[in-house]
């Protein structure tokens, strides 16, 4: 029993995070030097994301009997994403108005360091809806894979899958090659995942060493408020959706606990994307559904980021005594419904979208972003964790709606009673 515990990735990552926190707190300079360990692990994961998505989507689509099913899956997924992300935005807006974490700070925007957020504000101006949609189309196929742009790779994979499906038996050889290549890729993922504890240790040691636990105190109320809101969203909103769909959110969280710990350590939901593709398929969701929903969700279903955006924007208004009436807040909500969809594949995307939104609304001081900049790194964990759980739940929900969910397998896996190698019929 003890041996299996020490060998489990869950235990190893959890221990690594704890050691990283201690090192960063007691030896901050040394902790800050651990940054390359976390960066290297995240880069290894990002290296493999493009081929994983390509193989999963192509084999999933090419292996389907009807192409109408693919279109139906995409439409249902986008509808679900819009509804749930809107709920997340509204919840963030309600909670920040009730708790008012920025009230009483009385910050003068003129005293803030506007230069600290100048880079983000400049990037925000480049992030528009038209630019976002145009960016989905790659300049070249090689460029899409080289840059690791998820949506560009996804678009090419969907087109490739459609074309391969139309070839019928003539494309069987190509299908077999891609499927075999997929097995090799997942073998590489298993090797990379053995380094997850080292990556989590390095990232956490750097965060605590560079920013320090003490830096959380001044703006701690916003951080606590945000974390509690994310927890409530997962338990209440996603929990209700899961219950209606026919599974327990708590059992689902237990099922993806290793992925959640990796995300917690690295603050990057992308670090768990390859394993989520594999795990959701093992949970009973058809490969074609998983291949479409998970990668698309990383751009259109960022529940944690949605909560963060409304809370951060209103917090800045409260802290700088910038009055926001109901009209201003509705305007903020509408702008965020559009701007939050343009965060795909951008480093520091949440903060950049926040800068774009504040600039678009025009009622809030852009310099107020400096208040959030210092604590944004500590809020990224909750964003990433909520995004991951949200995309996992979305995959199961969409799979059920389009009748591509193996209900028996779902129940067996979540209740730890799935026999190895046993398959079930897809429920209708």
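Cβ atoms here come from the backbone N, Cα and C positions, even for glycine.
Within its own chain, the transmembrane segment (4-24) is flanked in space by residues 30-32, 34, 193, 196-198, 200-210, 257-258, 261-262, 264-265, which lie at least six positions past its ends and keep a Cβ under 8 Å from the stretch. The transmembrane segment feature in Swiss-Prot is assigned to 4-24 (among others); the stated evidence is sequence analysis.
The transmembrane segment annotation in Swiss-Prot covers 44-64 (among others). Among residues of the same chain six or more beyond the transmembrane segment (44-64), those with a C-beta under 8 A of the stretch's C-beta atoms are 70, 144-145, 148, 150, 153-154, 156-158, 160-162, 164-165, 171, 175, 178-179, 181-182, 185-186, 188-189, 192, 195, 268, 270-271, 273-274, 277, 286-292, 295.
The transmembrane segment feature in Swiss-Prot is assigned to 76-96 (among others); the stated evidence is sequence analysis.
The transmembrane segment feature in Swiss-Prot is assigned to 142-162 (among others); the stated evidence is sequence analysis.
If you look up Swiss-Prot, you'll see 184-204 (among others) marked as transmembrane segment, on the strength of sequence analysis.
Residues annotated as transmembrane segment in Swiss-Prot: 222-242 (among others).
Annotation comment: Swiss-Prot describes 289-309 (among others) as transmembrane segment.
The annotation transmembrane segment is assigned in Swiss-Prot to 326-346 (among others).
The transmembrane segment annotation in Swiss-Prot covers 352-372 (among others).
Put simply, of 142-162, 184-204, 222-242, 289-309, the stretch with the most CB pairs closer than 8 A to the transmembrane segment (76-96) is 289-309. Away from its own ends, the transmembrane segment (289-309) comes close to residues 53, 56-57, 59-61, 70, 73-74, 77-78, 80-82, 84-86, 88-89, 91-92, 150-151, 153-154, 157-158, 226, 229-230, 233, 238, 269-270, 273, 276-277, 280-281, 336, 340-341, 343-345, 349-350, 353-354, 357, 379, 382-387, 390-391, 394-395, 398-399, 402, 404-405 of its chain (Cβ-Cβ under 8 Å, at least six residues beyond either end). The list of residues near the transmembrane segment (184-204) in space but at least 6 beyond its ends in sequence, with Cβ under 8 angstroms from a Cβ of it, reads 9, 12-13, 15-17, 19-21, 23-24, 34-42, 44-45, 48, 51-52, 55, 261-262, 264-267, 271, 274-275, 278.
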